[in-house]
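Look at Swiss-Prot and you will find Cys2 tagged as N-acetylcysteine, backed by similarity to another entry. Summarising the annotation, Swiss-Prot assigns N-acetylaspartate to Asp3. The methionine (R)-sulfoxide annotation in Swiss-Prot covers Met45, Met48. Positions annotated as tele-methylhistidine by Swiss-Prot, on the basis of similarity to another entry: His74. Residues annotated as N6-methyllysine in Swiss-Prot: Lys85.
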Amino acid sequence: MCDEDVAALVVDNGSGMCKAGFAGDDAPRAVFPSIVGRPRHQGVMVGMGQKDSYVGDEAQSKRGILTLKYPIEHGIVTNWDDMEKIWHHTFYNELRVAPEEHPVLLTEAPLNPKANREKMTQIMFETFNTPAMYVAIQAVLSLYASGRTTGIVLDSGDGVTHTVPIYEGYALPHAIMRLDLAGRDLTDYLMKILTERGYSFTTTAEREIVRDIKEKLCYVALDFEQEMHTAATSSSLEKSYELPDGQVITIGNERFRCPEAVFQPSFLGMESAGIHETTYNSIMKCDVDIRKDLYANTVLSGGSTMFPGIADRMQKEITALAPPTMKIKIIAPPERKYSVWIGGSILASLSTFQQMWISKQEYDESGPSIVHRKCF
């Protein structure tokens, strides 16, 4: 279908960040916030060549005069006009390519509604005139990136967490679990517990600082109660962090109390099961004959699985839930923050994949519903 010399574009649209680049590369060229900002008041920026909307980093830096919107909520696109702006920005400003010259591989959340897949397909062919496109499930791409076709993926990003069992390259929809608890909630929780310590973080700018503290200093305790005891009786776990204004703050048990919420959602006032139990529940919804393969191939993916100690803790928790003789292996690839994108880069450059693309011709003949026949 497509010439060998034209690289496919791979775009992974997350709730928090958009990752984009060229198939065959080992990392995305562009990573920017999935936000669209519009001026709060017309004419505030007279003479500044004011645009009617800003995307990504530019929206982030001008947020004082803008109203910011996230078009992707909990992994699912909810605002198509803004989503179109993000894609336009991706192609023309970040990658600087003409989308009508490249096949485009997009990613979607597990259990993405059918209408959404059709809308994505329609926008790619009708607005951007792409010659070919494909929609792949994010967790499946992460599994490919780890060199597997069977396993269970715990994918936790900024807006949503999923556990997705995959057998021979196909996600098993009946066993997919979704948990609306992810990076954004952990940042909010850290803001809250730092406020209890007497530090005030309230504005969106301060929220970015807290996110940085979370990414640099937080970790998952192997034994939460014991870690709390250690923190209470010594200062060995305390770390200091310098704020942009030069003030230095000290953070102690908050370092592991924050990510503990993914194992104990009750910390956030949520009634759901933690990620370990959710993973176990997903496995138990699968055929008894494939469970062994899932336990032995549990792959972590997404930015919110980057906490040090999370793999060991998962190993411990799942071992406690699983049958006693079961072999359990948690795989935490170092590049897992971008493993969805990397899996897409691998998939789109496989020679065997080239016949899988939906071509413009097929789209013109069948319409948007073609996506359900060709992407599964």
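Along the chain as shown, the residues are counted starting at 1.
Positions of Cβ are set from backbone N, Cα and C atoms, glycine also.
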Rounded Cα distance in angstrom between Lys85 (N6-methyllysine) and the residue listed as 'tele-methylhistidine' is 19
For His74 (tele-methylhistidine), the same-chain residues 6+ apart in sequence with C-beta under 8 angstroms from its C-beta are Ser15, Ala109, Gly159, Val160, Arg178, Asp180
Taking all protein chains shown into account, the Cβ-based neighbour count within 10 Å for the residue listed as 'N6-methyllysine' is 20
